[in-house]
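J.: Could you have a look at this structure, given as structure tokens, before my questions?
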Amino acid sequence: MAHVLPDLPYAYNALEPFISQQIMELHHKKHHQTYVNSLNAAEQAYAKASTPKERIALQSALKFNGGGHINHSLFWKNLAPAKSEGKGNGGALADGPLKSAIEQNWGSVDNFIKEFNATTAAIQGSGWGWLGLNPATKRLEITTTANQDPLLSHVPIIGVDIWEHAFYLQYLNVKADYLAAIWIVINFKEAERRLIEATK
């Protein structure tokens, strides 16, 4: 069954002024759509491949485009219109299991965000910053993946796209400004839902 581009759970301009409508339209309709199209093409080619060599040759396309589709599908749900703008619940972390786990690990939400942003900004080239649940220890950890690699070692709770297409048209080369702004539109309610689901 072919993969399809998921609808955004909000309008393209809903995350302004923190993420512009132009970025959201390009990111969703062009970049994510390309990952979906390329993943479908790679899977079709894999199904027709008749030799191990042909199947091996398709592995990188499957990983890259499959990861791009998985990561972005999670990313859109990870965002919400900003509460500070009176538009939604973005940026609002209420008392509950997620806030408690963050405070237990990092002392405060501010400390967590500082460490997350520093770790994510240090990625060389393109990639993703993650807050993930370590399935072995049941603890939250900050980690990164390169390019479009999906997070396989942890259960993803929050993912932040640090590819230039996610921020360059608005923030140019200043990753720090993008990383500061994105927390104002992070959907902590969705992140907490993932955490609760992962710890059942």
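Along the chain as shown, the residues are counted starting at 1.
Every residue, even glycine, has its Cβ placed from backbone N, Cα and C.
Heads up, here are the entries from Swiss-Prot:
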type    : residues                     : note
BINDING : HIS27, HIS72, ASP161, HIS165 : Mn(2+) binding site
J.: Whose Cβ, among the binding-site residues HIS27, HIS72, HIS165, has more other Cβ atoms within 10 Å than any of the rest?
T.: HIS72
J.: Other residues with Cβ within 8 Å of the Cβ centroid of HIS27, HIS72, ASP161, HIS165 at the Mn(2+) site?
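T.: Those within range, site residues removed, are HIS28, HIS31, HIS32, PHE75, TRP163, ALA166.
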J.: Based on DSSP, name the secondary structure state of ASP161 (Mn(2+) binding site): helix, strand or coil.
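T.: Strand, per DSSP.
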